[in-house]
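**Student:** Pulled the feature table from Swiss-Prot, pasting it below:
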BINDING   Arg36, Glu94, Lys133, Lys478  (6S)-5-formyl-5,6,7,8-tetrahydrofolate binding site
BINDING   Asn240, Thr259, Val261, Thr264  K(+) binding site
BINDING   240-245, 259-265, 284-287  GTP binding site
BINDING   Ser244, Thr265  Mg(2+) binding site
DOMAIN    230-402  domain 'TrmE-type G'
Amino acid sequence: MALAAPESSKNLGLSSLPTIAAIATPLGRGGVGVIRLSGTHAYSIACTLTGKSAFKPRMASFCRFYQADGTVIDEGLVLYFKGPHSFTGEDVIELQGHGGMILQNQLLARVFELGAKQASAGEFSYRAFDNDKLDLVQAEAIADAIDATSAAAASSAIRSLSGEFSQKINQLLEQLIHLRLHVEAAIDFPDEEDVDFLSDGVIQGKLEQTQEKIQQVLATAKQGQLLRDGIHVVLAGRPNAGKSSLLNRLAGQERAIVTDVAGTTRDTLQETVVLNGLTLHLTDTAGLRETEDTVERIGIERARTAIAQADMLLMVYDVTRDLEEESTPLQLAEQLFGELPEAKRLLIIANKSDLLNNNSSKEITSISQQEIHNRGYEQVNVSCETGAGIDDLVETLCAKVGFHPPENSLIARTRHLDALRRTAEYLAEAHEQLTVFKAGELVAESLRQAQHSLGEITGEFSADDLLGKIFGSFCIGK
């Protein structure tokens, strides 16, 4: 359930917002189940539920949880976090009972009877954001830590949650604010010699320093986005080229059926793996060819859809048979895909390279590789049978998408990259207005737009529909 334009405690006052509750642990059978409450009435609900008159903040209390008629629902621990010293900034109660959906649902129903409302997806985190306990980057990092598919992604998300990414953005915002102050002062007081920024070079130097730092943060964010999202890789080629065998090699297990019969793979098959720290969302596809088989034809249509949506294409071909006389891998790619994909999006995989056992075949392959290199493409020779070349393939793939995660990488999202790019564009405009046109008012406006774009990252400038979309993607109970 999406969180649509949540009401702000800053507008309504904390006491006007309903007390919310939700199961905070995963659904299903478990040793412990946690129900979280947040709001003005969380404390009184806990007292009524347990028959206790008081709870000490940050102290665990063993209690029984009662129905209205005195029947015991469950027993467990109550933790009380008094606002504003809590995750949400409000009074927060955690009820830790036994796991299992029957007991959890009975306990949650009783909490609702006592006046709490069902929390929307991400509503606890939204209240933390709304009460300045988290900025938007930190709030997103909670979801990213939960959804991390690799150890590197998880540790990067925790660094973002601790505020490292936000600190970089806030430092840049502070620089932009100082730049704007100097520029606008020069506009307002044009007769003052000490603010003649159009000719003294001071503002230009500060602007160029800010541009350089934006590019540094953007480079870090690109790595963070790759860590978070990974890349979607489609394996494509003719039937029996070795696509399914390559998927199995990369996955480290027999995920796809492999036979000598052409057309064995008739549908797309997805597998997610983490190699060299990069998450690869792999899709094996039906071999591309003309066919009268209805089922295979549907599989080929799905393959072409996957190809169109892929971040990276691995065109797998059998070096012993797939290249017709005088044809090259690039010509084969053009035949298979209808047009030659961009070099940054295509990696050519020469399978069964271990079977090149005569000089003429090796010479043809060498000539093909030279043509591939001259046109800016890359080919990796592999053997899916022996595993030779697979490590080279992974390293080449990581390099091709620009994945070189630094030790202290920070998780980032597509919207962060978009905001940073727009900020860089506005700064470039400001630089041009300053150095070419000497137009102070236009410099100030470009800097204002740059500040606004950068502020979107931490939530300083964010529309309600954006906030609803972000927090609506969270788990219930977060």
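Placed from the backbone N, Cα and C atoms, the Cβ positions cover glycine too.
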**Student:** Would you mind checking how many other C-beta atoms are within 10 angstroms of the C-beta on Glu94 ((6S)-5-formyl-5,6,7,8-tetrahydrofolate binding site)?
**Tutor:** 20
**Student:** Per DSSP, to which secondary structure element type does Lys243 (GTP binding site) belong, with helix, strand and coil as the options?
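**Tutor:** SS state of Lys243 (GTP binding site) = helix.
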**Student:** Going by C-alpha distance, which of the binding-site residues Arg36, Glu94, Lys133, Lys478 is nearest to Lys243 (GTP binding site)?
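**Tutor:** Its closest listed neighbour, by Cα, is Lys478.
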**Student:** Just the number: how many Å between the Cα atoms of Lys133 ((6S)-5-formyl-5,6,7,8-tetrahydrofolate binding site) and Asn240 (K(+) binding site)?
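**Tutor:** Their Cα atoms are separated by 56 Å.
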**Student:** Can you see whether DSSP assigns Glu94 ((6S)-5-formyl-5,6,7,8-tetrahydrofolate binding site) to helix, strand or coil?
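**Tutor:** Its secondary structure by DSSP: strand.
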